[in-house]
């Protein structure tokens, strides 16, 4: 089992390079332009913290279901696989502007649909308040929207699976701390920087950096298994 510091640094570096320029990063930036930043930031961060803890928990449980030797080998393969995947995405992707436009178009469609519903039902506001979903009676709909977009956007994403693999091979507590700090830094930058910052980020450079980092993790993991 590695140290907390090692798990923390690996998780922090992996999270920052995986999340900058990700779809959820763009979504947070665009949502922050249309809604109060504190609600968007709270919703996005809550979703990412929950996702990080769940992913690290799955990774921590893996060695109890499979032998530690096999989980180590699987984690090594995941690192190499994600490294090659990130490099492939960096060279073959259509570009940052294209992905930003795609996310913005999806949010615009959702925004228009909600606006249409609001106009139709202004006369029935009191009735609607009584019929609102249970959670929206206690939490802001904007916060819940930011939470759901981020949570389901991250579910099954490369960064989530990589966190599971990292927690299976490193100290899970360190992985959680590094992941949460990395998510907080990226999401805060997206919310405060908005679309102007998102459009300045070179997804190709981030993808190349992330790919190299994953491959370095894979080599380190492979060498540690050879030594042992």
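Keep in mind that glycine also has a Cβ here, set from the backbone N, Cα and C atoms.
Under the heading transmembrane segment, TrEMBL lists 39-58 (among others).
Using a Cβ-Cβ cut-off under 8 Å and counting only residues 6 or more beyond its ends in the same chain, the transmembrane segment (70-88) has close neighbours at 62-63, 158, 161-162, 165-166, 168-169, 207-208, 210-215, 217-218, 221-222, 224-225. The annotation transmembrane segment is assigned in TrEMBL to 70-88 (among others).
The transmembrane segment feature in TrEMBL is assigned to 134-153 (among others).
Per TrEMBL, the feature transmembrane segment maps to 173-193 (among others).
Within the same chain, residues 10, 13-14, 17-18, 20-21, 72, 75-77, 79-80, 82-87, 89-90, 93, 162, 166, 169 sit at least 6 positions outside the transmembrane segment (205-223) and bring their C-beta atoms closer than 8 Å to a C-beta of that stretch. What TrEMBL lists as transmembrane segment is 205-223 (among others).
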